[in-house]
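These notes are about the structure you will find just below.
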Amino acid sequence: MIRTVAVIGAGQMGSGIAQVSAQAGMKVLLGDVSIELADKARDKIAKGLAKLVEKGKVDAALAASTVANLHSFSDHAALAEADLVIEAATEREDIKHRIFESAGKHLASHAIMASNTSSIPITRMAVSSPDPERFIGIHFFNPVPLMKLVEVIPGLATSVSTIEAVRGFVGDIGKEIVLSQDEPGFIVNRIFVPFINEAAFVLGSGTGSIVDIDKGVKLGLNHPMGPLELADFIGLDTLLEIMKIYLASTGDPKYRPAPLLQKYVEAGWLGRKTGRGFYDYSGDVPVPTR
Ligand SMILES: NC(=O)c1ccc[n+]([C@@H]2O[C@H](COP(=O)([O-])OP(=O)(O)OC[C@H]3O[C@@H](n4cnc5c(N)ncnc54)[C@H](O)[C@@H]3O)[C@@H](O)[C@H]2O)c1
């Protein structure tokens with residue numbers, strides 16, 4: 001049973017993973033590149049919970065116990081007491097390998113090491129961990145406290161007992177599991193990113209306007225957001241990179257990026273983060289760019 005969880009990387013995902021684990025009554029060790037960043041993340045979680053208490057959405061006692069369960073750390077020696085170590089650091093393979101090597105030196109003999117990566121193969125990262133049988137992918141969705149789903153991705157060497165322990169952990173934090181093989185994009189992003197890419201093809205071929213593509217998917221498929229407005233949220237550069245990874249790792253031309261997606265990225269129109277993507281965000285309401 002997982003009682004103590006360590007989270008390495010206290011950004012938006014790591015903070016969310018730490019929060020839901022602490023909320024479920026587990027002791028959580030939260031680390032980043034410095035103790036200051038870990039403390040800052042802990043404070044941010046506490047502030048977020050305080051707001052939810054004010055709005056009556058979270059019980060005050062639960063908020064207090066959640067914050068009390070969170071402990072910042074900077075030295076990997078602290079990881080010796082963890083049953084599960086989840087890496088949620090920046091999506092760069094070299095950074096992650098270095099974390100697994102360093103943290104692995106302190107991993108307890110029963111403990112599991114996991115990565116929240118969105119795109120890096122689990123089997124490839126497992127070689128930097130002390131025991132690939134106890135290495136696994138645990139892919140959360142953003143924002144973690146709200147999203148119900150967790151994808152679990154065993155690598156080639158991951159043992160059945162590791163999968164079962166992670167199943168228990170995910171159940172304990174109140175989430176649902178889907179099990180994915182270690183393939184590019186796992187299940188959800190493998191379906192979803194080409195779907196957005198296809199919307200860019202549909203736009204590029206002049207089949208429909210930006211507004212009609214988004215309206216069509218919202219009303220015709222009952223999606224809460226259209227694919228092009230969602231693309232602007234995610235970042236067109238990120239989507240383009242993911243398509244390139246799918247194409248390179250499968251060699252299948254069905255994953256070729258839409259030329260119009262490429263063109264928007266070349267123009268620096270990356271979505272909301274640059275103020276313009278498929279929509280222009282400079283005014284009060286988003287205006288389609290085509
Ligand atoms: N953002 C999403 O929607 C999403 C969804 C699922 C999975 N992920 C994955 O989660 C991971 C983190 O993404 P994020 O969106 O939270 O990024 P983020 O930039 O918000 O956070 C990354 C954190 O990692 C820290 N970090 C970098 N190097 C470190 C090191 N050596 N040791 C400890 N901490 C280190 C950074 O300081 C930063 O605080 C990535 O692998 C990403 O692919 C992201």
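Keep in mind that glycine also has a Cβ here, set from the backbone N, Cα and C atoms.
For the NAD(+) site that TrEMBL gives as Gly9, Ala10, Gly11, Gln12, Met13, Gly14, Asp32, Glu91, Lys96, Asn142, Lys273, the extra residue drawn from Ser65, Ser118, Ser161, Ser249 is Ser118. Cα to Cα, His139 (site 'Important for catalytic activity') and Asp32 (NAD(+) binding site) are separated by 19 Å. Residue counts for the domain '3-hydroxyacyl-CoA dehydrogenase C-terminal' (185-281) under DSSP (helix as H, G, I; strand as E, B; rest coil) come to 66 helix, 4 strand, 27 coil.
Same-chain residues at least 6 positions away in sequence with a Cβ under 8 Å from that of Met13 (NAD(+) binding site) are, in sequence order, Ala88, Asn116, Phe140, Asn142, Val144.
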